[in-house]
Amino acid sequence: MQFILILIVVMGGMGLSVEAGLLGPLGGEVGELWATFSVFGVGAALTFMLMLFFSPRNSPSFFKQPSWTLLGGVLGPVYVVILTFTAPVIGIAMTMISILMGQIAKSLLIDHYGLFGSQHRQIDRKRLMALFFIVIALILMAQG
Amino acid sequence: MTIIMIILAVIGGATLSIQAAINGQLGSKVGVFRCAFLTFSVGALITGLLIFYFEPRHALTLLDVPKWQLLGAMCGVPYIVIMVFAVQRIGTAVATVAVIFGQLFMSMLIDNFGWLGNDVIAFSPSRIGAVICLGIALYFIHASGKDTAKTES
């Protein structure tokens, strides 16, 4: 059971790479913004239906939340547009590794300073090591 | 050019982790699906506005390209659903490593064979070295995720 679940999660990750692989060439044909729009448009339609059928009832309104917690959607397009730009130039694998590096570095900062309402945590040596090896991987990839 | 693109992608990753932190806050209040819906609909609104004012004309539109090229979101949204179900059962640490493994494995395949209309970037010795380094990095991410799970529980 564990194993099947892990396999499904691996497939979820593969889906993310396929998404990046589709976006690059699409952006080249119809424009980066249109390609991004296709992802968010279809994504909004799909998640609307998920929300409609599977969301717990009586969950609090968006308008009762502090407005800065609603900013996730503003940052999403930045990421997708960048993905569409970079993937055709440096390839899917290097794009993914660079993104991973950005994520790890930023998550270290977020935890360390307790930004965005997350818990304040000591700088994590293990994630620092992870970051170090990702940088080496990037250098190796860049050399071809 | 390559360096600029790498830096851009790193910034993209940083943006993604800020987004994850913010959405984590919101998701714990209103639920994951409502949070995902907000993210996608606000994203669609913003890109819509940007297209309206800034996008130049293109010879092709979204309706002209082959339909399989429009499947991007269909590959991205399942990830959200999978994570919702899997994280509770296998834990954040294992789930994170499994996702990254899947991403890297598939991206190497796409590059190597030039699938989905991408340029071919063949698998090389230095790429194998990169994969090994990433394997070690994944081990550390897993180990740090375990610590996090402990302190949170």
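Glycine is no exception: its Cβ is also placed from the backbone N, Cα and C atoms.
Outside the transmembrane segment (B:36-56) by six or more residues, the chain places 19, 23, 26, 77, 80 with a CB less than 8 A from a CB of the stretch. The feature transmembrane segment is assigned by TrEMBL to B:36-56 (among others).
Here TrEMBL flags B:68-87 (among others) as transmembrane segment.
Per TrEMBL, transmembrane segment is recorded for B:93-116 (among others).
Here the transmembrane segment (B:128-145) has Cβ contacts under 8 Å with residues 91-94, 96-97, 100-101, 104, 108 of the same chain, all six or more residues outside its ends. The transmembrane segment annotation in TrEMBL covers B:128-145 (among others).
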